[in-house]
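Engineer: Features from TrEMBL:
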- 51: active site, proton donor (ACT_SITE)
- 44-51, 162-165, 191, 199-202: ATP binding site (BINDING)
- 76, 168: (R)-pantoate binding site (BINDING)
- 76: beta-alanine binding site (BINDING)
Ligand code: PAF
């Protein structure tokens, strides 16, 4: 039998912060029993306008309680990556969630999230070793493992992810489908600054000069997409030339792929993806392109 919810469990007029997974599971179970849908927005915090857009997308669904998870997941960081310096700002994250009329913030500690260790994980398959995975071995095992745990803890009807992390979105879609998670994965277009820079929690690490340099990534995507009617080689050459013209961009990869991240077609829908280091900050971006004349 479902225990009735107290004010400390959930308040229809404000945001409630939960840390304990078992308690949150009990709360969302009661909310579902009362006929509410649960929409999950998984984040690592340091929320910005891109996250606000994910939250607003989650709110579009009827009769929904939005749960925003804020958890910097150590499993998805490699030994030489920026786990220690990743921004943590729970207080202002909760303020943003309050402004956005989020129902619940789930902010577990590492111990709350992994009380039994991390022996079991989800393998993303071959795509997990490509693109981001080639530079960040094990990254997507860590992402999919924590996302699967969040799905099990929260039991959402919808889970909302940004297209900025396009490979992540693709792999989460794949996991949900192949492992029969009973939910819809919703992708939301990237939010950009006025000059095209994709919003990212890591942008705060950029100096003013690096911030200018970083615009080169989105500029390359736009330049590539601009010549997409000429086919894949033209797209890649134009984007590569645009990146090469900006000093300070240390390119990791620039690749054209199919929308499901299989090999790029000669014609039709494709995705152009880029990753580069600017100073000490690694940035990623991507854009949809329509190759050839789009007729099959
Ligand atoms: O995109 C992110 O912020 C993270 O990879 C996610 C999905 C919250 C998992 O830790």
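Note: Cβ is positioned from N, Cα and C throughout, glycine not excepted.
TrEMBL annotations: computationally assigned, not manually curated.
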Engineer: Measuring C-alpha to C-alpha, could you say which of the binding-site residues 76, 163, 191 are within 10 Å of residue 51 (active site, proton donor)?
Structural biologist: 191
Engineer: Which of the binding-site residues 44, 47, 50, 163, 191 has its Cα closest in space to the Cα of residue 76 ((R)-pantoate binding site)?
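Structural biologist: The smallest Cα gap between residue 76 ((R)-pantoate binding site) and any of the binding-site residues is with 44.
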Engineer: Checking the recorded positions 44, 47, 51: which ones have Cβ within under 6 Å of ligand 1?
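Structural biologist: What lies within reach of ligand 1, judged by Cβ under 6 Å, is 44.
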Engineer: Provide, as an integer number of angstrom, the distance between the C-alpha atoms of residue 201 (ATP binding site) and residue 168 ((R)-pantoate binding site).
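Structural biologist: Each residue's Cα considered, residue 201 (ATP binding site) and residue 168 ((R)-pantoate binding site) end up 16 Å apart.
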Engineer: What is the number of other Cβ atoms found within 10 Å of the Cβ of residue 51 (active site, proton donor)?
Structural biologist: 26
Engineer: What Cα-Cα separation, expressed in whole Å, is found between residue 168 ((R)-pantoate binding site) and residue 44 (ATP binding site)?
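Structural biologist: On Cα coordinates alone, these residues lie 14 Å apart.
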Engineer: Using other CB atoms within 10 angstroms as the count, which residue among the binding-site residues 76, 168, 201 scores least?
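Structural biologist: Looking at the binding-site residues 76, 168, 201, the Cβ with the fewest others within 10 Å is that of 201.
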Engineer: Looking at Cβ-Cβ distances, which residues of the chain lie under 8 angstroms from residue 50 (ATP binding site) while being 6 or more apart from it?
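Structural biologist: Residues satisfying the criterion: 162, 164, 190, 191, 198, 199, 200.
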Engineer: So what sits near residue 47 (ATP binding site) in its own chain, CB-to-CB under 8 Å and at least six residues off in sequence?
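Structural biologist: The answer is 68, 70, 89, 92, 93, 96, 97.
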Engineer: For residue 76 ((R)-pantoate binding site), which of the three DSSP-derived states applies: helix, strand, or coil?
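Structural biologist: Looking at the DSSP assignment, residue 76 ((R)-pantoate binding site) belongs to a helix.
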